[in-house]
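Enquirer: For reference, the structure I am asking about is given below.
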Amino acid sequence: MIEFGNFYQLIAKNHLSHWLETLPAQIAAWQREQQHGLFKQWSNAVEFLPEITPWRLDLLHSVTAESETPLSEGQLKRIDTLLRNLMPWRKGPFSLYGVDIDTEWRSDWKWDRVLPHLSDLTGRTILDVGCGSGYHLWRMIGAGAHLAVGIDPTQLFLCQFEAVRKLLGNDQRAHLLPLGIEQLPALKAFDTVFSMGVLYHRRSPLEHLWQLKDQLVNEGELVLETLVVDGDENTVLVPGDRYAQMRNVYFIPSAPALKKWLEKCGFVDVRIADVCVTTTEEQCRTEWMVTESLADFLDPNDRSKTVEGYPAPQRAVLIARKR
């Protein structure tokens, strides 16, 4: 059973304590009413993993845990089998005592693009919206964050996160809650808020930006990463039924348009930090994610387009400050 009591105890002692007015009731309702049909199977996989304290833990350059002496073949097989019960693994990679989880996305590449543009994370309290399996939460801790909180309603991601946490010695510096941003009150408590790979899934992108702003302290930093298209500040792509085979893509602005949106929501010091085309090396099918991936979503005769004829995915990172 995945419990959240440690997180409640943690925030009861800090500036997030007012979250306890709503959070426990929301989690209790989720536990009663909203659990996925496979959640018991997934949580059992987490429960059956061994409790290991790493001899060496690297969160600065990767998410890697090592033991002082190599694990036995039987121990490795047990860990490998249980982690494979949590497939598909989309965000990573992870290297855990010799079990290497080769995820669909090279999320470490994204982190390498984002990190140089951030304010120093040392001592910061961070919120990561739509955090997936929590890979970037661990990298935030590695970069010096005091506390990294992720929210993502996808319950498989919660179990993947808890599996990794258990294999990292039950590290309590990062936490994942099975919530969406719309379920959070205006906490105004986080020094840095990340929203990476979320905005284009929102029917009202400006509302999402306001929700992110409501989580930041004054002078806090927003890190926004999302799909963009080429164009000026008035360019926005509104796909039809699908974009790169995804049904839930609503608005893809140009980077200049996105900058304008942020300014309209009251953010200041907005800058476009990075724009890059997503490659089939960064997002691809692996033995830990065996279904279709980016290569299947691009026009086989023109890789600059999706199968629907839209511009192929490119992603921008924008940094902004709450005034």
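Each residue, glycine too, has its Cβ placed from N, Cα and C.
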Enquirer: Per Swiss-Prot, which one of Gly130, Gly231, Gly240, Gly266 shares the carboxy-S-adenosyl-L-methionine site with Lys91, Trp105, Lys110, Asp152, Pro153, Thr154, Ile181, Glu182, Met196, Tyr200, Arg315?
Expert: Gly130
Enquirer: Could you say whether, by DSSP, Glu182 (carboxy-S-adenosyl-L-methionine binding site) belongs to a helix, a strand or a coil region?
Expert: helix
Enquirer: What count of other C-beta atoms do you get within 10 angstroms of the C-beta of Asp152 (carboxy-S-adenosyl-L-methionine binding site), across all chains shown?
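Expert: Around Asp152 (carboxy-S-adenosyl-L-methionine binding site), other Cβ atoms within 10 Å: 23.
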Enquirer: For Lys91 (carboxy-S-adenosyl-L-methionine binding site), what is the secondary structure state per DSSP, taken as helix, strand or coil?
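Expert: Note: Lys91 (carboxy-S-adenosyl-L-methionine binding site) is in a strand by DSSP.
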